[in-house]
Amino acid sequence: MKCSVLPRSRLSWTMCVLLLPLLMLMLEGGVQGCFIRNCPRGGKRAVDSVQPTRQCMSCGPEGVGQCVGPSICCGLAIGCLMGTSEAEVCQKENESSAPCAVSGRHCGMDNTGNCVADGICCVEDACSFNSLCR
């Protein structure tokens, strides 16, 4: 009887060891969606119903651009600066719980982006070339 119990306990221990990393990966993926400090009220899906109440921060040389993402600064005179020292100030937008309004004509898929520079359309975390933004 002891022989039949021993393989079972080793099997369950082995399964636990194998499932633990899988569980940790699943939890990590779920947590990366939004941090507590910058999640909108009502969760990530409530973003569409929340109207931005303030203008996004100024950035770039002499403050001529606007923050359009965590490390993206764009303006008509400067184009888009991504991951540069001028765009570092845009990280501070994550500290605010209130969303900001990016100025510029709507563009992109389902008009979810804004024209932020000549020929450039940006959504929350990425920018692309768009002929509507000329």
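Cβ coordinates come from backbone N, Cα and C, glycine included.
According to Swiss-Prot, the disulfide bond annotation covers Cys34-Cys39 (among others).
The annotation disulfide bond is assigned in Swiss-Prot to Cys56-Cys100 (among others). Under DSSP, Cys100 (disulfide bond) is assigned to a strand (E or B) in the three-state scheme. Using a 10 Å radius centred on the Cβ of Cys100 (disulfide bond) and all shown protein chains, the other Cβ atoms total 16.
Positions annotated as disulfide bond by Swiss-Prot: Cys59-Cys73 (among others). Of all Cβ atoms in the shown protein chains, 26 besides its own fall within 10 Å of the Cβ of Cys59 (disulfide bond).
Taken from Swiss-Prot, the feature disulfide bond applies to Cys67-Cys90 (among others), supported by similarity to another entry. Around Cys90 (disulfide bond), a 10 Å sphere centred on its CB holds 25 further CB atoms from the protein chains shown.
What Swiss-Prot records for Cys74-Cys80 (among others) is disulfide bond, and it gives similarity to another entry as the kind of evidence. Under a cutoff of 8 A between CB atoms, and with a sequence separation of 6+ in the same chain, the neighbours of Cys74 (disulfide bond) are Gly65, Gln66, Val68, Cys80, Leu81, Val116, Ala117, Ile120, Cys122, Cys127.
Swiss-Prot lists Cys107-Cys121 (among others) with the feature disulfide bond. Cys121 (disulfide bond) counts 27 other C-beta atoms within 10 Å of its own C-beta, drawing on all protein chains shown.
According to Swiss-Prot, the disulfide bond annotation covers Cys115-Cys133 (among others), on the basis of similarity to another entry. For Cys115 (disulfide bond), the same-chain residues that are 6 or more apart in sequence and have a Cβ closer than 8 Å to its Cβ are Gly104, Arg105, His106, Cys107, Cys121, Asn130, Leu132, Cys133.
Residues or ranges marked as disulfide bond in Swiss-Prot: Cys122-Cys127 (among others).
Among the features that Swiss-Prot reports, signal peptide is placed at 1-33, with the record citing sequence analysis.
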Cα-proximity to Cys73 (disulfide bond), 10 Å cut-off, over disulfide-bonded residues Cys67, Cys90, Cys100: Cys67, Cys90
Integer Å distance between the CA atoms belonging to Cys67 (disulfide bond) and Cys100 (disulfide bond): 9
Other CB atoms, at most 10 A from the CB of Cys80 (disulfide bond): 19
